[in-house]
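Have a look at the structure below, then the notes.
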Amino acid sequence: MPKPGELTFVAPRGAKKPPRHLADLSPAERKEAVAAIGEKPFRAKQLSQHYFARYAHDPEQWTDIPAGSRAKLQEALLPDLMTVVRHLSTDQDTTRKTLWRLFDGTLVESVLMRYPDRVTMCISSQAGCGMNCPFCATGQAGLDRNLSTGEIVHQIVDGMRALRDGEIPGGPARLSNIVFMGMGEPLANYKRVVGAIRALTDPEPDGLGLSQRGITVSTVGLVPAIHRFADEGFKCRLAISLHAPDDELRDTLVPVNTRWKVREVLDAGWEYAARSGRRLSIEYALIRDINDQAWRGDRLGRMLKGRPVHVNLIPLNPTPGSKWTASRPEDEKAFVEAIAAHGVPVTVRDTRGQEIDGACGQLAATER
C-alpha cells in the first residue's frame with residue numbers, strides 16, 4: 001500500500017511480460033508473425049476475422065484454417081491471456097462486473113452496463129493504480145503493473161461476445177460506448193492504451209470497427225501525456241478527474257496535482273478539445289463536507305464558463321475503510337445549481353453497480 005500522497009508513474013520492474021497477442025500487433029506485423037512460423041501471410045487476416053469480427057478465441061471454431069495450423073497460430077498470436085474468475089450482476093442482471101485472472105495471476109476487473117438506449121463497458125488499463133487518490137479503492141491498492149494492449153482489448157472482445165450471445169438481458173446487442181475508467185490511469189500506460197484504441201477502432205477485420213467518438217479516456221491530469229494524446233488525432237472524448245477546483249484541496253484529493261496544478265490540467269484539456277473537436281468532460285466525485293460546498297461549485301462554474309465542457313458529478317461510492325461518504329441531497333442540489341448558474345452543462349451520474357462494488361472508485365479486484 002502506498003504512503004499518503006506517494007505517486008507511481010512507472011510500473012514496478014520485474015513483472016513477467018504478457019505473451020504476444022494479435023491485438024498487440026499492427027496488420028503488417030501480424031502477417032510477419034504468421035510468416036515467421038511457416039504459415040502463409042493471409043492466415044493473419046483469417047485469424048483477425050475470427051477474433052475481431054466473430055469474437056472466436058477457440059481454435060475449434062476456425063474451420064477455414066487447416067486443423068494442423070490452428071494450434072501453432074493460437075500459440076503464436078492468440079494465447080490465453082486471461083480467464084474469468086467470476087461474474088457479479090445487479091440491476092436485473094443488466095450490470096455485470098467481471099473479475100479476471102491474468103496469465104501471471106494478477107487480478108483486474110471490468111464492468112458491462114446495459115441501458116435502454118446504449119451499452120457501455122468500463123475497462124481497466126492497469127492492474128491497480130499509482131495515482132493514490134485517497135477516496136478510490138483502486139488508488140489505495142497501489143500499482144502492480146501495466147496491462148498489455150491485448151489484455152485491454154480482450155476485455156472488450158469478451159464483452160461484445162457476451163452481448164451477441166444474449167448473456168445480458170435484453171436480447172443480442174452491440175457495444176455503444178467504451179470508457180477507460182476502470183482500474184488504472186490510462187495515460188500512465190500510454191503506448192498500450194493508444195494501441196488498444198487503434199485496435200478497437202480499425203475497420204473489421206483489422207480491428208473491432210468501433211467509433212472513436214464512442215470512446216472516453218479518463219485521466220487525473222498527466223499534462224505532458226494529454227498534449228501527446230492531442231497529437232494522435234483521435235476523436236475520442238477526454239475526461240478529466242478533477243474533484244476540486246482549487247489547488248489546496250486537489251493536492252490532497254488528487255495527489256498528482258502537486259505536479260500539475262488545476263489551471264495547467266484544464267489548459268491541456270482545452271487544447272485537446274480544440275484539436276479533437278470533442279467537448280471536454282469534467283468528472284467530480286461529491287464528498288460530504290469535503291468538496292461539495294456551493295462556493296466550490298460556483299468557482300468551478302466560473303472556471304468552465306463559455307468552454308466546450310460537460311460536468312459529470314458522481315455521488316461518492318463507498319469503499320472499505322473510507323472515512324468519507326456521499327454528499328447530502330440538499331448539498332448536491334446546491335452544487336449543481338451553482339455550476340448551472342454559469343451556463344455550464346452539468347448532470348449527476350446514474351450510479352450503476354454499487355451493490356457489487358462495480359461503481360466508480362470501487363474496483364479493487366479481490367476474490368473475497
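Backbone N, Cα and C atoms are what each Cβ position is placed from, and that goes for glycine too.
Per Swiss-Prot, these features apply:
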ACT_SITE  E109  active site, proton acceptor
ACT_SITE  C360  active site, S-methylcysteine intermediate
BINDING   C129, C133, C136  [4Fe-4S] cluster binding site
BINDING   G184, E185, S218, S241, L242, H243, N317  S-adenosyl-L-methionine binding site
DISULFID  C122-C360  disulfide bond
DOMAIN    115-355  domain 'Radical SAM core'
REGION    1-22  region 'Disordered'
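H243 (S-adenosyl-L-methionine binding site) counts 25 other C-beta atoms within 10 Å of its own C-beta, drawing on all protein chains shown. Looking at C129 ([4Fe-4S] cluster binding site) and L242 (S-adenosyl-L-methionine binding site), their Cα atoms lie 17 Å from each other. Neighbour counts of Cβ atoms within 10 Å were compared across the recorded positions E109, E185; the minimum falls on E109. Each of the binding-site residues S241, N317 was assessed for Cβ neighbours inside 10 Å, and the highest tally belongs to S241.
In three-state terms derived from DSSP, L242 (S-adenosyl-L-methionine binding site) belongs to neither a helical nor a strand segment and is classed as coil. Beyond its flanks by at least six residues, the region 'Disordered' (1-22) meets 30, 33, 47-48, 51, 76-79, 81, 102-104, 126, 130-132, 134, 140-151, 153-154, 188-189, 252, 255-256, 258-259 of its own chain at Cβ-Cβ distances under 8 Å. The binding-site residues C129, C133 differ in how many other CB atoms lie within 10 Å of their CB, and the one with the most is C129. Secondary structure of the region 'Disordered' (1-22) per DSSP, as helix, strand and coil residue counts: 1 helix, 0 strand, 21 coil. The Cβ of G184 (S-adenosyl-L-methionine binding site) has S124, S125, Q126, A127, G128, C129, T138, L143, N146, L147 as same-chain neighbours under 8 Å, each 6 or more residues away in sequence. Binding-site extent for S-adenosyl-L-methionine: residues G184, E185, S218, S241, L242, H243, N317, maximum pairwise Cα distance 19 Å (rounded to the nearest whole number).
Neighbours of C122 (disulfide bond) among the recorded positions E109, C133, C136, S218, L242, defined as a Cα within 10 Å of its Cα, are E109. Model confidence over the domain 'Radical SAM core' (115-355) is summarised by a mean pLDDT of 95.
Mapped onto three states, the DSSP output places E185 (S-adenosyl-L-methionine binding site) in coil.
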